[in-house]
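Trainee: Pulled from TrEMBL, these are the listed features:
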TRANSMEM  31-50  transmembrane segment
TRANSMEM  71-89  transmembrane segment
TRANSMEM  95-114  transmembrane segment
TRANSMEM  126-148  transmembrane segment
TRANSMEM  160-182  transmembrane segment
TRANSMEM  203-222  transmembrane segment
TRANSMEM  228-251  transmembrane segment
REGION    319-338  region 'Disordered'
COMPBIAS  327-338  compositional bias 'Basic residues'
Amino acid sequence: MRTPVPALATTAILLLAIVGGATIGLTTPALIPDGLIDVTIFALLVLLFLPISTQSLRRAFRNVRFTASAWLANFVIVAPFGALLAWLLMSGHPAAIAGLTIYFVAPCTDWFLAFTKLAGGETAGAAALIPLNLATQVALFPVVVWLVSDHVSGFAIADLLATMLVWFALPFGVAALIRAVLSRAGYRGGADALLSRLPDAGVPVVLGLLVFQIFAVHAGTITGALTLAPLVLAAVVAFFGFALVVSQVLGRAAGLSSPERTALTMTTSARNAPLMLALTMTTIPDQPLMYSVIVLAMLAEFPHLTTLAYAFRRKLGSAPAPAAPVPRRRSSHAVRYR
């Protein structure tokens with residue numbers, strides 16, 4: 001099976017953004033104005049919210065067994081485990097603890113669908129999870145920030161709700177307006193497909209631009225903290241291994257089909273780093289180490305998802321096909337009755 005091009009492309013964009021941003025930040029740090037980051041964050045949030053609608057939220061509750069299993073795995077089991085990992089491995093580095101905790105508690109709401117499809121998983125059920133996952137993690141975000149805020153300087157909990165209102169409600173409203181305009185402009189039949197393709201193409205580019213700006217503006221602080229990279233990698237690997245075991249055990253216990261278990265593994269493995277990075281930068285300002293930890297964890301995520309997709313697809317291809325029913329032949333010695 002070929003390596004998924006979107007994963008390679010996104011990884012390449014992020015690596016180039018890190019190298020380019022760090023180079024500019026260390027040589028000409030005044031080149032990128034701080035205010036430009038806010039514009040990029042807003043554009044990223046609008047792109048992430050484009051495919052989300054109230055109809056997709058209602059669809060999430062139809063397959064109760066799969067949806068409940070995914071929600072339980074994501075928010076009750078693997079998220080607390082990730083927070084525990086962050087506290088254990090990043091002791092003495094409060095900003096890194098906060099960054100990893102924020103990264104671990106939020107399941108992905110975009111690119112995990114592509115890997116689910118590549119792995120032969122249940123994409124329809126996985127797509128229905130997106131609005132539910134998004135609503136839950138946005139509701140939990142203030143709680144998580146409150147838990148880590150005691151150890152992070154420069155953060156005022158009183159400003160959190162106002163910041164969330166501006167940086168969540170406003171881009172969500174712009175995304176809803178774009179959906180309405182496309183529907184009224186004659187794109188009703190293909191609006192869903194168009195709104196899905198726009199984030200697929202735009203999110204990696206805008207995310208790369210944001211990472212470039214972060215490293216350009218805060219290069220000195222970030223490059224000075226690269227010694228934490230092995231610990232970040234160890235935490236991410238342990239988290240992914242735990243998520244794989246939990247998803248497969250829970251999926252079998254819940255009686256999920258093989259494609260549903262594959263989708264469950266993908267949603268528990270992929271994290272929503274772009275949204276968490278954007279929200280973290282707006283609610284907890286001037287914490288470049290925290291942002292860089294989220295970016296480093298995200299870079300480790302793509303090889304893992306690629307490997308999972310390959311393994312599940314290979315397992316699917318090697319699974320024995322169900323035996324065809326043997327037609328019953330009528331015996332030539334059968335007695336005929338008039």
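Cβ atoms are placed via backbone N, Cα and C, with glycine included.
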Trainee: Counting only pairs 6 or more apart in sequence, are there at least 3 Cβ pairs under 8 Å between the transmembrane segment (31-50) and the transmembrane segment (126-148)?
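Mentor: Touching, no - the transmembrane segment (31-50) and the transmembrane segment (126-148) miss the threshold of 3 or more Cβ pairs under 8 Å.
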Trainee: By Cβ distance under 8 Å, which residues at least 6 away from the ends of the transmembrane segment (203-222) in the same chain are close to it?
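Mentor: Hits for the transmembrane segment (203-222): 6, 9-10, 13-14, 16-18, 20-22, 24-26, 29, 31-32, 34, 36-37, 40-41, 43-44, 47-48, 110-111, 274, 277-278, 281, 288-289, 291-292, 295.
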